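Annotation source TrEMBL lists transmembrane segment at B:12-38, B:72-93, B:105-129, B:135-158, B:192-220, B:240-262. The domain 'ABC transmembrane type-1' annotation in TrEMBL covers B:71-259.
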Amino acid sequence: MKKRFLALALSMSMALLACGGQKAATETSVAGANAAGTNAESSVAEDKATEEAKAEGSADFDALVAEAKGQTVNFYGWGGDDRLNQWLDGYYAEYLKKNYDITLNRVPMGIEDILAQLSAEKEAGAKESDIDMIWINGENFKTAKESDFLYGPFTQNLPNFNNLVSQEDPETNKDFAYPIEGYEAPYGKAQMVFYGDKSKGDFPKNTEELLAYAKEHPGQITYPALPDFTGSAFVRNVIYDIVGVEQFQTVKEDKEAVRELVKPAMEYLKELNPYLWKEGKTYPEKEPTMRNMVADGELIMGMTYSAYLVSNSIADGSFSNKMQTFIWDKGTIGNTNYIAISKNAKHNAAAQVAINAMLSEDVQLNRYETLKTIPVLDNSKLSKEVQDAFAKVDLGEGVLEQSVLLEKRLPEMPAGLVPIIEEIWQEEVAGK
Amino acid sequence: MNPIKYKGRAGGIFYLLFRNLFFLSLVLPLFFLLLFSFTERYAWPELFPTSFSLRSFKSILFQRKALFQDTLFSMVFSLLVSLCTVLVAFCTAKYQNEEGLKGKGLVAFLVNFPIMIPATVFAMGAQILFLKIKIFNPFLTVFLAHVLYALPYAVSFLQEGMSRKMKLYEEQAKVMGAVGGRLFWKVSLPLLYPYIFPAFMMSYILSMSQYILTLILGGGKVKSLSLIMVPYIQSGERNLASAYGLIFLSSSFLLFFLLDFLEKGIQRERG
């Protein structure tokens, strides 16, 4: 009899615990937030004073800061990078809490799913969206902006964007050659680099040498299958190396015209196929798969959009210290990734303040130190001390200087060309 | 107690071989999961990984919120889902087992429908449905979708249990004067428990491992363990994926032992 009650009580208490526990948790967190609010007030006031001294005419921004106080901002973006996740949940979240009393809630969600959700919300006529900040760029930005998913223009409201970001940089105004018009603010710079095992001979400096290198090490080189982000960038880089850069900024977005233009590059890739991993009959599905194969020694070189992957991975122990970054003589594609705000964002003010904070000297410097992401700030607009601090950052082993990278940086192709080239690759190169 | 009788020497050897192989097939993956959660580099052609680190566990400990709050939330949420699923499944199975009721075929078809269509299609359909009937609370929609998704499995377990001699025993108990709660506690539940156990377990595991459904319907608001784990699996963070996989597994084991403990209590009660 007693046992029966015990069993019943246990299951009941579990259910009760679930409801009660959650409620209690929200109560305490609300109380906590209130307490933090009063504590943070003084520090916010101080910060506001410095902010005002820094940027004239930021009265509008002050209103945003006041409105954002105490809000929780949801930041939606790809969640597969553990270092970045830790940094966002750690330094950046604390920075927002301390300076603006904003709580950061990072939601790990891929961009396709974010766009799907925004589209469903729009279809259902929802007035408010939980999606506040979105990590985005390229074709996805074009899709989102054209589908009227985004709020803007907003970048002109942000003092740090106006004062610290270069307004002449083409990447400030155009994302994959698509006009930004203030609908997204730069978040970090990426550049395609190659990495390989130093002990396997000289690294190839162009497509021709890559072919020779592949012949020398058959079956030990490959690239991720398109439409993988990195694989796609690699193919565009091959096209640039063989065909040239300028004509792609103006070419009509017509499949047959593009096919004619990229023909020599596709011929080259077909020629490369038999010397690739599995004789080019198949490719790793995604960049991470290829990266693990390089780490495990199955491949001798790889490519990535994170310019400082090698030093981070050597520090982790996932790469051996024989790994070295290299680029091609004619350069490699670089792009910027951005943060946008959804049109119906519930916490619009907090999102703007958080994006402004992301563009502050402190945050960009800390990000460069911790993650070694190429900063988006204009070095010449920074104070002397901050410039020195940036210069002092130890980049670690096996990587290239920022100046070397930026000097060899090639622009992205217009967003509309990317899917066209991916289709052509599928038709003409894959498995051929 | 061993259900398989030793039939000669060869039979015995085969039995042992298969039993051990089966055992290994369960334990070896677990061992590798544990190994991989510390592994940084597994260089070819080495037999064992060459470089180890505590990075994944440091990261998980750093993400205390993910570890405690989100994992606990997932477990409690999935427990509630399983509880609800088993209750609904109980009613459905009971209905299916009564004689002389109409529409059984239709009910069986509808209940089993979620198995027949791909999860993504189910998720999209469910999302449009919930938007149309104006249920916007993400917790509620995810909850309902999980229950719908787990229901066919739970129903098939319970129906199996009920269609046996259960009805006869219940009738016998009624003849002997047992009614209502007493009948349920003393006869029905102990008889059905061996089927409730797997139905509950199955619902729990299904609910815990739902990624697409939770992602699309929850819109990122419902943060379950799989929502944190899957991006690491997709991005090839082998050690983090393994470490989260271990947490995932231990939550299932915990529930298993809890249910096992409950079963012992109930069976003793019967005896």
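Placed from the backbone N, Cα and C atoms, the Cβ positions cover glycine too.
A TrEMBL annotation is a machine prediction, not a hand-curated record.
When Cβ-Cβ distances under 8 Å to the transmembrane segment (B:135-158) are tallied for each of B:72-93, B:105-129, B:240-262, the top count falls to B:72-93. When the stretches B:12-38, B:72-93, B:192-220 are ranked by Cβ pairs under 8 Å to the transmembrane segment (B:105-129), first place goes to B:192-220. Here the transmembrane segment (B:192-220) has long-range neighbours at 74-75, 77-79, 81-83, 85-86, 89-90, 119-120, 122-124, 126-127, 130, 138-139, 141-142, 145-146, 149-150, 153-154, 157-158, 160-162, 166, 226-227, 230, 248, 251-252, 255-256, 259-260, 263, 266-267, meaning same-chain residues at least 6 beyond its ends whose C-beta is under 8 angstroms from one of its own. Beyond its flanks by at least six residues, the transmembrane segment (B:12-38) meets 4, 6, 48-49, 52-54, 56-57, 238-240, 242-243, 245-246, 249 of its own chain at Cβ-Cβ distances under 8 Å.
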